[in-house]
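Student: Quick one: this structure, given as structure tokens, is what I'll be asking you about.
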């Protein structure tokens, strides 16, 4: 797993809780995997793992594959889940989530 410091059992439980389509809630997921209690540096490391193209932003296509960063066999997010995730994180309205927006979303 590419997220050092997260408990594998917590990650597995968080993934199991959102296997059904439209059951993903990013706030609940962040809390279950333990990201919400991590340091700012750890949150930034998580951001850079999710930012697959290394653009400095998490775009909609990267959000769709969010769960697969935690487990290759996890499902893709639905369009509705992806749009809700993006809408909550994208505070400046540029259609992407920057590292500070991501940190605020996890800690919020």
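Residue positions begin at 1 at the first shown residue.
Cβ coordinates are placed from backbone N, Cα and C, and glycine is handled just like the others.
Residues annotated as N-acetylserine in Swiss-Prot, with similarity to another entry given as evidence: 2. Per Swiss-Prot, domain 'EF-hand 1' is recorded for 38-73. Sequence annotations record features per position, and here Swiss-Prot assigns Ca(2+) 1 binding site to 51, 53, 55, 57, 59, 62 based on similarity to another entry. Look at Swiss-Prot and you will find 77-108 tagged as domain 'EF-hand 2', backed by sequence analysis. Marked as Ca(2+) 2 binding site by Swiss-Prot: 90, 92, 94, 96, 101.
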Student: Let's see if you can do this one: DSSP helix, strand and coil counts over the domain 'EF-hand 2' (77-108), in that order.
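Tutor: In the domain 'EF-hand 2' (77-108), the DSSP-based counts are 20 helix, 2 strand, 10 coil.
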Student: Are there residues at least 6 beyond the ends of the domain 'EF-hand 1' (38-73) whose Cβ is under 8 Å from a Cβ of it, and what are they?
Tutor: 1-5, 11-12, 14-15, 18, 24, 79, 82-83, 85-86, 89, 94-99, 102-103, 106-107
Student: List the Cα distance (Å, whole number) between residue 62 (Ca(2+) 1 binding site) and residue 92 (Ca(2+) 2 binding site).
Tutor: 18
Student: If one measures from the C-alpha of residue 55 (Ca(2+) 1 binding site) to the C-alpha of residue 90 (Ca(2+) 2 binding site), what distance in angstrom results, rounded to a whole number?
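Tutor: That comes out at 15 Å between the alpha carbons.
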Student: Which of 62, 90, 94 has the fewest nearby Cβ atoms, counting only those within 10 Å, among these binding-site residues?
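Tutor: 94, out of the binding-site residues 62, 90, 94, has the fewest neighbouring Cβ atoms within 10 Å.
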Student: Excluding 90, 92, 94, 96, 101, which residues of the same chain place their Cβ within 8 Å of the centroid of the Cβ atoms of the recorded Ca(2+) 2 site?
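Tutor: Residues close to the Ca(2+) 2 site, other than 90, 92, 94, 96, 101: 57, 89, 91, 93, 95, 97, 98.
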